[in-house]
């Protein structure tokens, strides 16, 4: 079984800063759009992770990744957001460092948030995480891009090369959230990882006046006087005054 939901490829997407890219800030039906790139070494399960998030299914047979862009809708704090998830080809590491194509760099620049995936069965993919995080932040100078680190294949303990605690420590050092998942066995942690990113991006996208509005909305406003209530109180006061005069 194969899932191919190719919306467009990285190369076809509008360049950041262009008018076309600005038009893509809103998804279908005018919903706010959250763009997420999933990156990591080859064979760590990036495509399987994306498909799990999209369909809650594990599909073990995939065509070679051509940079597919997937979409779905997610409820975040009562608001329906349009989510675009960009799957990417595996990153290679050479003696001089990361080997990132311009297409991949463009994908990272395009994204509002990034999921960095490594496999607990591949120590080199774990070592790549720190370099990849640094590369992501360099492509977003002046702003700290939300990033989640995901350790995949948690079910393959018999061949693990990376203790999950190392992933947690690394993510903490990088200032990222961390999730250990088994894409083949569970979809809850996968969904939570994406949900955290969507929530963080959603908060960053709020207009400057919105946070204040949200804070003040938590404080009960004094109710405006109700005219019917005022009339009722006035009649009660008047009746009491009349009774007092009559008794005298």
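Keep in mind that glycine also has a Cβ here, set from the backbone N, Cα and C atoms.
Noted in Swiss-Prot for the protein shown:
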REGION    29-246  region 'Small GTPase-like'
BINDING   40-47, 87-91, 152-155  GTP binding site
REGION    205-229  region 'Disordered'
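All features noted in Swiss-Prot, drawn onto the structure.
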| residue | record | DSSP (3 states) |
| --- | --- | --- |
| 40 | GTP binding site | strand |
| 46 | GTP binding site | helix |
| 88 | GTP binding site | coil |
| 154 | GTP binding site | coil |
Inset, instruction - Give me the mean pLDDT over the region 'Small GTPase-like' (29-246), rounded to a whole number. - result: 82
Inset, instruction - Inside 10 Å of the Cβ of residue 154 (GTP binding site), count up the other Cβ atoms and send me the figure. - result: 22
Inset, instruction - Just name the winner among 40, 43 (the binding-site residues) by count of other CB atoms within 10 A of its CB. - result: 40
Legend entry - C-beta crowding around residue 88 (GTP binding site), within 10 angstroms: 24
Legend entry - Residue among the binding-site residues 46, 91 whose Cβ has the most other Cβ atoms within 10 Å: 46
